[in-house]
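Q: This structure is in structure tokens; I'll ask about it shortly.
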Amino acid sequence: SSFFYRMGGRNETKVMYFTLLGFHTTAELQLLLFSTLLLVYLLTVLENFLIILIIRSNHSLQKPMYFFLGNLSFLEIWYVSVIEPKMLVDVLSGAKHISFQGCMAQLYFFVTFVCTEYILLAVMAYDRFVAICKPLRYPLIMNHRVCAQLTAACWVCGLTTSSIKLSFIARLSYCHVDKINHYFCDISPLLNISCSDSSLAELVDFILALMVIMVPLCTVVASYICIMFTVLKIPSSQGRQKAFSTCSSHLTVVILFYSTTLFTYAHPKLMYTYRANKLVSVLYTVVVPLLNPLIYCLRNKEVRLAMRKTFSCRR
């Protein structure tokens with residue numbers, strides 16, 4: 001898994017591949033775990049694909065909120081596809097190897113999608129703020145060009161953040177330890193198994209985490225505080241309920257995603273030491289992406305009506 005070479009008069013070790021220890025299961029449970037994960041992965045991809053299809057095929061959903069929702073579904077298809085297919089192979093495989101380059105590539109794309117989702121959820125919160133607090137100016141502020149620019153900015157921020165993080169993590173030395181007690185290449189295990197000084201990589205990771213997590217989180221909180229005060233001023237209870245119903249699905253998704261990822265990426269090196277680390281990771285890599293489309297379909301009346309219309313027309 002590694003080879004030695006001389007550099008500057010001293011021996012260095014370069015790891016060629018890592019071993020992902022994954023989940024410890026018995027032979028009897030192995031097939032059950034594989035079947036469950038495969039079903040969850042296929043359902044997640046299908047659900048998000050259906051949301052994209054429904055949004056594109058219904059004129060009533062050609063609004064900024066659903067434009068962002070379509071982008072979120074597109075993002076989550078790639079988000080789960082970076083982790084789950086490899087995890088499925090490893091569940092059945094005896095040798096759970098991943099090359100150093102493959103590990104860095106998996107980390108790069110996964111961090112890109114996580115960071116992009118943080119910012120995209122904040123943009124969706126801002127969209128709800130403008131829709132409810134500034135309804136008359138909403139079509140002018142959230143026009144198609146602005147929506148496209150905001151979405152592009154989310155992806156640029158995600159790609160840039162991931163590139164900076166990876167440039168520091170990939171420089172670390174991984175000596176004789178090539179076993180990762182995880183089911184995918186994440187920041188926390190790579191920082192912990194490194195045999196070189198990782199303090200600079202940790203500092204950069206922490207600063208970027210503050211920017212990518214806390215700034216969007218503050219945007220979400222500020223947006224919903226303003227929304228709450230505006231909704232409370234609406235005289236009729238029916239009006240208040242209608243205004244809040246447009247936010248409930250997004251708010252639920254935000255709480256699920258932020259609560260499961262916040263502690264992991266706010267202090268990744270410390271999180272790796274907890275036994276529950278892998279279980280928490282399962283929540284945001286497997287469970288939350290499965291639930292998000294269901295939340296939008298079950299809690300959003302417009303999406304439910306558009307879904308019925310789409311499938312009734314096709315029949």
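Cβ atoms here come from the backbone N, Cα and C positions, even for glycine.
Nobody curates TrEMBL annotations by hand; they come from automatic prediction.
Got these off TrEMBL a minute ago, pasting:
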- 31-54: transmembrane segment (TRANSMEM)
- 47-296: domain 'G-protein coupled receptors family 1 profile' (DOMAIN)
- 66-83: transmembrane segment (TRANSMEM)
- 107-126: transmembrane segment (TRANSMEM)
- 146-164: transmembrane segment (TRANSMEM)
- 206-232: transmembrane segment (TRANSMEM)
- 244-267: transmembrane segment (TRANSMEM)
- 279-298: transmembrane segment (TRANSMEM)
Q: For the transmembrane segment (31-54), find every same-chain residue at least 6 residues outside the stretch whose CB is under 8 Å from a CB in it, and list them.
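A: Distant contacts of the transmembrane segment (31-54): 23, 25, 61, 69-70, 73-74, 76-77, 80-81, 84-85, 87-88, 91-92, 286-287, 289-290, 292-294, 296-297, 303, 306-307, 310.
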Q: Cβ pairs under 8 Å only, please: of the recorded stretches 66-83, 107-126, 279-298, which one is richest in them relative to the transmembrane segment (206-232)?
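A: Out of the listed stretches, 107-126 contacts the transmembrane segment (206-232) most.
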Q: Apart from its near flanks, which chain residues at least 6 from the ends of the transmembrane segment (66-83) lie with a Cβ under 8 angstroms of it?
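A: Tertiary neighbours of the transmembrane segment (66-83) are 41, 44-45, 48-49, 51-52, 55-56, 106, 109-110, 113-114, 116-117, 120-121, 123-124, 127, 144, 147, 151, 154, 183-184, 285-286, 289, 292-293, 296, 302-303.
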Q: Across the domain 'G-protein coupled receptors family 1 profile' (47-296), what is the average pLDDT of the model, as a whole number?
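A: Within the domain 'G-protein coupled receptors family 1 profile' (47-296), the model's average pLDDT equals 87.
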